[in-house]
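Chemist: So Swiss-Prot has the following annotated:
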- ARG55, THR56, ARG105, HIS138, GLN141, GLY266, PRO267: carbamoyl phosphate binding site (BINDING)
- LYS83, ARG171, ARG225: L-aspartate binding site (BINDING)
Amino acid sequence: MKHLLTAADLSREDATAILDNADRFREALVGREVKKLPTLRGRTIITMFYENSTRTRVSFEVAGKWMSADVINVSSSGSSVAKGESLRDTALTLRAAGADALIIRHPASGAAQQLAAWTLDEHGGPSIINAGDGTHEHPTQALLDALTIRQRLGSVEGKRVVIVGDVLHSRVARSNVALLHTLGAEVVLVAPPTLLPVGVADWPVTVSQDIDAELPLADAVLMLRVQAERMNGGFFPSSREYSVRYGLSEKRQSRLAEHAVVLHPGPMLRGMEIAYSVADSSQSAVLQQVSNGVHVRMAVLFHLLVGSEQEAISA
C-alpha cells in the first residue's frame, strides 16, 4: 500500500493491521521515560497544512517524532505558497528534496489525489496521506474512531454506530461510513434533510431524522460539529433549534445503553451539538480519541513506509 487517500482504499485486512499495530505502539510506549522508537529513523516526513488544525497536525508530528523520523512542517503562511506558488510546484519541490511521506490537509476536495498524481516518478514518489481534503475524506480520523470503538466495546463488527449532525459538510462522516462498513458495523445517519448529501440513499447506511428513536439502539454515537464556515445559506432555523432537535443533551444521554460510547472528532461546540456534562462524562471517549490518534498515525506511517509484513515494534 503506497498512499492513504480515502477510507475506501483500506481493505478489511489493511484496516485491521493498522488498528492492531496502533495497539502495539501504544503498549510499547507505556512506561517509557523517553517515548522514542527507531522504526522510522532516517525517514523524512513533511506535513502540509493549508487549513487550521490542532489534533490532526499535532498527532502526526508526535507520531513521526516518536518513531524517530525527521518531521518538517510546511504551511501556506510560512512558505512560498504565500508568494503565489501552486500546490503542484510545492509538491514537486518537496519530492525533489527527498521527502518519504507528504501529509496534506487542504480545503479543496481531491487535493490528496492530485498530490499523489503530481509526485509520482520512476521511483514511485513519496507516500501521500490525506489529513482532510475539503468535505471529501479524513481516513485517519475514521481509523482512530474505529480503534476507540474497538477498545471500548471489544470489536467493531456488528456494532450499531449512530452518526449525528452535519453530514453534508463532514469528511469525517464520509470516511467513517466507508471504514465502519468495511469492518462490519451497522451505520445510521441522523441529520436534518438539509444537512444530508445528495446521493446518500446509495450509501451503506440507514438514514433517520429522529435522534431520540436511535439513541437507545446505539452502541456508539459520533456527534459531528456544525461546520458554519462551509455554509453560505440557512441550513436550519437557528443554533438553538438545531440543539433542541439534534444536540446530545444530558437528558438524551440517559437514553443510551450503559455500554454505549460517545465520540466527537473535535473541535466540539459545547452547548450546541453536545452538552458540557456529556462531553466530560465517563461515556465520552473524546480524549481517548486524541490519544489513539497518535498511535493510529504511527501505525499508518509504519504501514506505508515500512510495510504490514514487517515487525512493528523493535527496541
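Backbone N, Cα and C define each Cβ position, glycine as well.
Tell me about the surroundings of these features in the structure.
Modeler: The 10 Å shell around the Cβ of ARG105 (carbamoyl phosphate binding site) contains 24 further Cβ atoms across the protein chains shown.
Taking Cβ-Cβ distances under 8 Å and a sequence separation of 6 or more, the neighbours of ARG225 (L-aspartate binding site) in its chain are GLY165, ASP166, HIS264, PRO265, GLY266, PRO267, MET268, LEU269, GLU273.
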Chemist: Roughly how wide, in whole Å, is the group ARG55, THR56, ARG105, HIS138, GLN141, GLY266, PRO267 that binds carbamoyl phosphate, by largest Cα to Cα distance?
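Modeler: The carbamoyl phosphate-binding residues span at most 16 Å between Cα atoms.
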Chemist: So around the carbamoyl phosphate site, ARG55, THR56, ARG105, HIS138, GLN141, GLY266, PRO267 aside, which residues have their CB within 8 A of the centroid of those CB atoms?
Modeler: SER53, THR54, ALA131, GLY132, VAL172, PRO265
Chemist: Show which residues of the chain containing THR56 (carbamoyl phosphate binding site), separated from it by at least 6 in sequence, have their CB under 8 Å from its CB.
Modeler: ARG105, ALA131, GLY132, HIS138, THR140, GLN141, GLY293
Chemist: What residues, ordered by sequence, lie under 8 A Cβ-to-Cβ from ARG55 (carbamoyl phosphate binding site) and sit at least six positions away in the same chain?
Modeler: PRO265, GLY266, VAL290, GLY293
Chemist: Using the structure shown, find which entry in GLY266, PRO267 (the binding-site residues) has the sparsest Cβ neighbourhood within 10 Å.
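Modeler: Counting other Cβ atoms within 10 Å of each of the binding-site residues GLY266, PRO267 gives the minimum at PRO267.
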